[in-house]
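Feature list (source: Swiss-Prot):
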type: BINDING; residues: Gln39, Tyr40, Arg41, Asp42, Lys43, Asn71, Thr110, Lys140; note: 4-amino-2-methyl-5-(diphosphooxymethyl)pyrimidine binding site
type: BINDING; residues: Asp72, Asp91; note: Mg(2+) binding site
Amino acid sequence: MPLHRLHGLYAITDPALTPDEHLLPAAEAALRGGAKLLQYRDKTASPTQREYRAAQLRQLCHQYHALFIVNDDPALAAQVNADGVHIGQSDGGIKAARDQLGGSRIIGVTCHGDLTLAARAAEAGADYLAMGRFFTSHTKPLAPPASLALLRQACQQFHQPVVAIGGVNPDNAPQLINAGAVSVAVIHALFGQTDTDAIEAAARQLSACFQTNRSAP
């Protein structure tokens, strides 16, 4: 599995910010700006539409040598030959996802700010652990908060890469990277921008944080 490539800016789409007609241009702007991973997250589209868009996004990601991850749907990830899937605590388990995707695909798991959940995910075979929210989140304002101290502990405790999420922007991303996060997952600070030029500029700012702060792939 290409875990050595799990490093840098992790862009996550949002149907409220990237409606269907804007999805591909917005995603490409983030990739031009240096996003190394892109997760397709849309629980409102029809299965046919999701398959169509996922296939397009996979092709686009691979043009930019980025990893393509599908949110919460191992079957769709397998269908479009995605690089992996991200599952939450309320979604199907890691074993079920692994059975569908095989051993060569990435499986990431939401662990919130809970080291016990992270330990369970690590033991079950997760390839990366998503921790957060670390800052006030536009997308999930009611998500339980997590501390930088917890992030440092998770990065030291687990051999799996830790992805930090929740209210991440160019101003606070360095704190997460310096605490050990190999990647920062971003929604609103990217796709909440006014146009594709602004999305690309925000992606460049976020990507630059990995050049000037301590983080190792």
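Heads up, the Cβ atoms here are built off N, Cα and C, so glycines get one too.
Taken residue by residue with DSSP, Gln39 (4-amino-2-methyl-5-(diphosphooxymethyl)pyrimidine binding site) is part of a strand. When Cβ atoms from all protein chains are considered, those within 10 Å of Gln39 (4-amino-2-methyl-5-(diphosphooxymethyl)pyrimidine binding site) total 24, not counting its own. A sphere of 10 angstroms centred on the C-beta of Tyr40 (4-amino-2-methyl-5-(diphosphooxymethyl)pyrimidine binding site) encloses 28 other C-beta atoms.
All protein chains considered, the CB of Asp72 (Mg(2+) binding site) has 20 other CB atoms within 10 Å. Neighbour counts of Cβ atoms within 10 Å were compared across the binding-site residues Arg41, Lys43, Lys140; the minimum falls on Lys43. Distance between Cα atoms for Asp72 (Mg(2+) binding site) and Thr110 (4-amino-2-methyl-5-(diphosphooxymethyl)pyrimidine binding site): 10 Å, as a whole number. Annotation note: Asp72 (Mg(2+) binding site) sits in a coil segment as assigned by DSSP. Overall, the recorded 4-amino-2-methyl-5-(diphosphooxymethyl)pyrimidine-binding residues Gln39, Tyr40, Arg41, Asp42, Lys43, Asn71, Thr110, Lys140 cover a maximum inter-Cα distance of 17 Å.
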